[in-house]
Amino acid sequence: MKADEKFTYETWPAAPEKQTLEGKNKFLGFWLFLGGETVLFATLFATYLALKDSVPNSEMALAKDLFEIPLVFIMTMLLLTSSLTSVYAMYHMKNFNFKKMQLWLGVTVLLGAAFLGFEVYEFNHYVHEFEHTFTSSAFGTAFYTLVGFHGGHVAFGLLWFITLMVRNRKRGLDLYTAPKFYVASLYWHFIDVVWVFIFTVVYLMGMVG
Amino acid sequence: MTNEQLNSGNPKVDIEYRRKKSAEEMRYQIISFAMMIFLTLVAFVAVGYDGFSGWFTIPFILVLAGVQVVFQLYYFMHMSHKGHEAPALFLYSGVFVAFITLLAFMTIIWW
């Protein structure tokens, strides 16, 4: 099977992302990358846990003063739902329905962008209301590095989806484009995996004390 | 839950089979999503409720996060499908190093 072969719903393979050697390699290489990402985030989590609430004087805000349930809850629901919408997109990819895949990727991008908007508001709030900045304390540095790195991943994921959607809008689905969409959606799910630990370890554990 | 290509020689039978398989997979994914939302709600309620001490709440919400991530990995990221032996090796190697890193950082700084 050639990568640019034209398909119909009937001839589209069940696992189009792994039909070509390139697709198989992409799949394997991307999971290796995710293993590396796991280690990267582990180092940031470890640093955060070690330096949590390490502030130079008692007037500075601690985790329990900063975090509030409603904002974190909204952000969690947005990202969790965007994970489901990218599952829908891959469902339509496997059914060779390019338009519906694009539609659900679009919804995913909107939800991800809303998440980022809330994160920008949140950081801005901490900086201006609490003077909790990147350089104000070891706690601040560890917090913004961990959560900011995740936010950076969200921003990169959004750009990745948008680029794929725009670039392939006329080409549609074939064995060359299918692995690209599949791998981008894996990345998006991984971002949600990291967020599950961030909302638990940083925010919820921070509010407990 | 496998999603391999079928070669029965009859495209109509194949499509029928695939449609059933992907409907079944979608059902598992919807159930996963419902469970993930539910676990998230339980975690937030446990933290919002004042009656629990931190000694209960913290391990409890960590377990909930672990379960939720398993749903994400095995159903949303398809690790329950065949052909995910190498991804599992890569991911669990990462988790192993992650665990050692966390252990090292926390024991060095805290004790």
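Just so you know, glycine gets a Cβ as well, placed from its N, Cα and C.
Any TrEMBL annotation is an automated prediction that lacks curation.
These come from TrEMBL:
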DOMAIN    A:28-207  domain 'Heme-copper oxidase subunit III family profile'
TRANSMEM  A:28-51  transmembrane segment
TRANSMEM  A:71-91  transmembrane segment
TRANSMEM  A:103-121  transmembrane segment
TRANSMEM  A:141-166  transmembrane segment
TRANSMEM  A:186-206  transmembrane segment
Is the transmembrane segment (A:103-121) packed against any residues at least 6 beyond its ends, judged by a Cβ distance under 8 Å, and which are they?
-> 71, 74-75, 78-79, 81-82, 85-86, 88-89, 92, 147, 151, 154-155, 157-158, 161-162, 164-165, 181, 188
So which residues does the transmembrane segment (A:28-51) touch in its own chain, when a touch means Cβ under 8 Å and the partner is 6 or more beyond its ends?
-> 138-139, 141-143, 145-146, 149-150, 183, 186-187, 190, 194, 197, 201-202
Whole-number mean pLDDT, the domain 'Heme-copper oxidase subunit III family profile' (A:28-207), equals 96
